[in-house]
Amino acid sequence: MASQEQLSAIKGAKVLMVGAGGIGCELLKTLALSGFQDIHIIDMDTIEVSNLNRQFLFRQSHVGQSKAKVARDAVLRFRPGISITPYHANVKESHFNVDFFKEFDVVLNGLDNLDARRHVNRLCLAADVPLVESGTTGFLGQVTVHLKGKTECYECQPKPAPKTYPVCTITSTPSKFVHCIVWAKELLFAKLFGDKNQENDLNVRSSDAASSSEHSEDVFECRKDEDIEQYGRRIYDHVFGHNIEVALSNEETWKNRNKPRPIYSKDVIPEKLTQQNGNAEKGCATDDVSAMASLGLKNPQDVWSLAENSRVFLEALRLFFLKREKEIGSLTFDKDDQLAVEFVTAAANIRASSFGIPLHSLFEAKGIAGNIVHAIATTNAIIAGLIVIEAIKVLKKDSTNYRMTYCLEHPSKKMLLMPVEPYEPNKSCYVCSETPLSLEINTHRSKLRDFVEKIVKAKLGMNLPLIMQGASIIYEVGDDLEEDMVAIYAANLEKTLSELPSPVTSGTVLTVEDLQQEFSCSINIKHREEFDEEKEPDGMLLSGWVEAPVAKDNDKPIGNGESTSNALPEEEILAADKDVEIQETESATGKKRKLSEVSKDTTPDHSGVPDGSRNQNEVEKLDVDDEDELIVSDDWESLTKKKRL
């Protein structure tokens, strides 16, 4: 039972929840039942079918509706006397500014992405409002408390660091199934069903165009004299046959690698595609268009043969053009789009077969393509309860009892919940300690656009940046800018740093601000001529911005049960610019600072962990999400193999 002091703190509190998903549903319910009277919820998402297995406030009839609004209505049915204010909006919208955050006594995060978490962290710092952060992945979870000047902020410690691969790894020399998935999802699917004008490395032309007129044109354009099956086979032969032959012509590439084999449709399936074990038109009669249904393939956990993958590929492409033609040109991959998942699975498997990579089932491929680790409702409920416990301590200003709590999959010292005292602010944190940053960059070659996209937005997480050199503004974003200034700043983006009206050269100090976040930092510029394309593909190096060190590649499977510090496998996404790189994040392996006065009894027991993991016997933060969309693993099978500490 809550004490009178706790009840008083709870009833008088105004609470902001950010996120109404897996953690958010549990959190709103727990807040309401704990006696909180004034709760505000921000969430931009609508309810999807895949949410219903764990986000218990939602029902089938709610699909497509606002999560925040439906969650409010559901809770008011059993707690009608309280005030719940929903906002179906993005927390990064301008009206959710520092003044808005100042209205609240505590902010509780149940977000599912790093960018939004950083944004909320900065607003809480600027508003001097306590933040309780949280996350779950499978059976693992965490709750952390952040108070300005008293504990570390969300960005004080390294987050999973990007490990970069050149795009040629994805387009020319894949060695892992995840490379094939990224190729199928971000290149082939996007080229066929997204913006056809986008440039990528799929439209390979023969070096001797005169001898191959077929490849001197855009092969992705459907010809007037061909039907859908002919078009599908031509695409198949181009990407899995012709492109592989072109790649093989570069003998230097394959001196130390296994050569791929070109695959042509006529060698795998008959010239006239026949439907097997199913009725194509019957399978297409419903709104849920499916190549598997058309072909009579029922079990998503079966690993299809090359012939079956080829049939699914051609059938999925046919169904897109027959049943969803109006969407073509604007489609993006969606893990909840059955036909898209089928197409990507088949394409990835055909490419994997070409490169001698083991094939995967649709279930496994969907997990990789959709960045899925299946959420556990019980973990969300535990974490929501811990959030409320910490929120009550914050409202009582009981700082001596604040705890960061980690939820483990397997008991350590007979404990599944690992509480530790919060860390002090990191004095080198550029967010809460305003430590200057240093940037090595070629000021004669790098454009202002490169600096804005790769540093200001991607690494510093600013949404509405203002960049100044001394008193001169060289770039600004905002709705209230005059047209002539917008044109000037747009022109500046295309200039190299040394060509700007206020030239940026070695020794220049730039001030970068985000007025919405009320966040500012200084960046010392150092000119550097050359960069290692493999190790520094951005062509610039930011120092003082601390990121987690990247673990070396090895064949050791990563399982949730090894330790909380390396519980997260790798994630791989395609960079926006085709000439940049593919990014893959790995779990943080660097040690955190020593825990403050933590007894030996609360230290995880790693006696059963191999020697390579014993140096990580301190609990570390998981930068994880409450949703399914979390990770892509190079060793996907290892996720289903539990390992005990």
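Heads up, residue numbers simply count up from 1 along the chain you see.
Using the three backbone atoms N, Cα and C, a Cβ is placed for every residue, glycine included.
Just so you know, TrEMBL annotations are computer predictions that nobody has curated.
Database features, via TrEMBL:
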type     : residues                       : note
DOMAIN   : 4-430                          : domain 'THIF-type NAD/FAD binding fold'
BINDING  : Cys153, Cys156, Cys429, Cys432 : Zn(2+) binding site
ACT_SITE : Cys168                         : active site, glycyl thioester intermediate
DOMAIN   : 326-366                        : domain 'Ubiquitin-activating enzyme SCCH'
DOMAIN   : 439-531                        : domain 'Ubiquitin/SUMO-activating enzyme ubiquitin-like'
COMPBIAS : 595-604                        : compositional bias 'Basic and acidic residues'
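Apart from Cys153, Cys156, Cys429, Cys432, the residues listed for Zn(2+), the same chain places the Cβ atoms of Leu125, Glu152, Tyr154, Glu155, Pro425, Asn426, Val431, Ser433 within 8 Å of the centroid of those Cβ atoms.
Residues of the same chain lying 6 or more positions beyond the ends of the domain 'Ubiquitin-activating enzyme SCCH' (326-366) and with a Cβ under 8 Å from any Cβ of it are 48-50, 174-177, 180-181, 183-186, 188-190, 192-196, 236, 239-240, 244, 258, 260-263, 288-292, 300-304, 306, 309-310, 312-313, 316-317, 319-320, 372, 629, 636-637. In terms of DSSP secondary structure, the domain 'Ubiquitin/SUMO-activating enzyme ubiquitin-like' (439-531) contains 24 helix, 30 strand, 39 coil. Summary: among the binding-site residues (Cys153, Cys156, Cys429, Cys432), the fewest other C-beta atoms within 10 A of the C-beta are counted at Cys429. For the domain 'Ubiquitin-activating enzyme SCCH' (326-366), the DSSP counts in helix, strand and coil order read 24 helix, 0 strand, 17 coil.
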